[in-house]
Amino acid sequence: MNNRPIRLLTSGRAGLGAGALITAVVLLIALGAVWTLVAFADGCPDAEVTFARGTGEPPGIGRVGQAFVDSLRQQTGMEIGVYPVNYAASRLQLHGGDGANDAISHIKSMASSCPNTKLVLGGYSQGATVIDIVAGVPLGSISFGSPLPAAYADNVAAVAVFGNPSNRAGGSLSSLSPLFGSKAIDLCNPTDPICHVGPGNEFSGHIDDYIPTYTTQAASFVVQRLRAGSVPHLPGSVPQLPGSVLQMPGTAAPAPESLHGR
């Protein structure tokens, strides 16, 4: 038997090796196209962040929410959509239940229209309280609304909240939520009087110290949850090159730490 190594491509001719190479390239392109179709069918992103802004911030996802989303996109390279929770983030803080209902309605809609999109929930300050309600976490002994039905819990890949007032009432979302405890990160700057009980508090610790340290830390946590999630199952068998590993686009960068919020 001839044990000489096979040359896939030579300068003088394109033989079987070249044909195999062309087939391999076409196959890889086809596989990539299939995965792209799964991720972006009907305009659905790879992941989507539903974020509730802090008190007094204009409609949108707020400064902390934007920094969090920017870091998440940078670390994953994924197509990440954004949904700003629609509620009145007033100083009286009477509309958390409205925000929770809006977030829950959107989660249900996404679960129906984009079942392969991994959903991420987030909130800052009063917005964290909105997400507490969605997650079934009461503020003290008081419940302000109905949580997300358990049937939709698997659609949520991760939860990240910042400056959460519930921490002053004796517990964090990550420790109290029956739906999302293990999927959640609840970050409180130790000088933030909104979420921290003790000496050394300054209101600047709530306003100025979550970006970029804590938003980056939260993004790193969420990246791990997104990558740990199940890969969409493709119907039918898809041929795979021997020894090849199918890898989703986007490479996670090392996660730094930092502060800022509202």
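Using the three backbone atoms N, Cα and C, a Cβ is placed for every residue, glycine included.
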Which listed span Swiss-Prot calls region 'Disordered', if the choices are 43-64, 197-218, 241-262: 241-262
Cβ neighbours of HIS206 (active site, proton donor/acceptor) where a neighbour is any other Cβ within 10 Å: 25
Cα proximity to HIS206 (active site, proton donor/acceptor), best match among recorded positions CYS44, CYS114, SER125, ASP192: ASP192
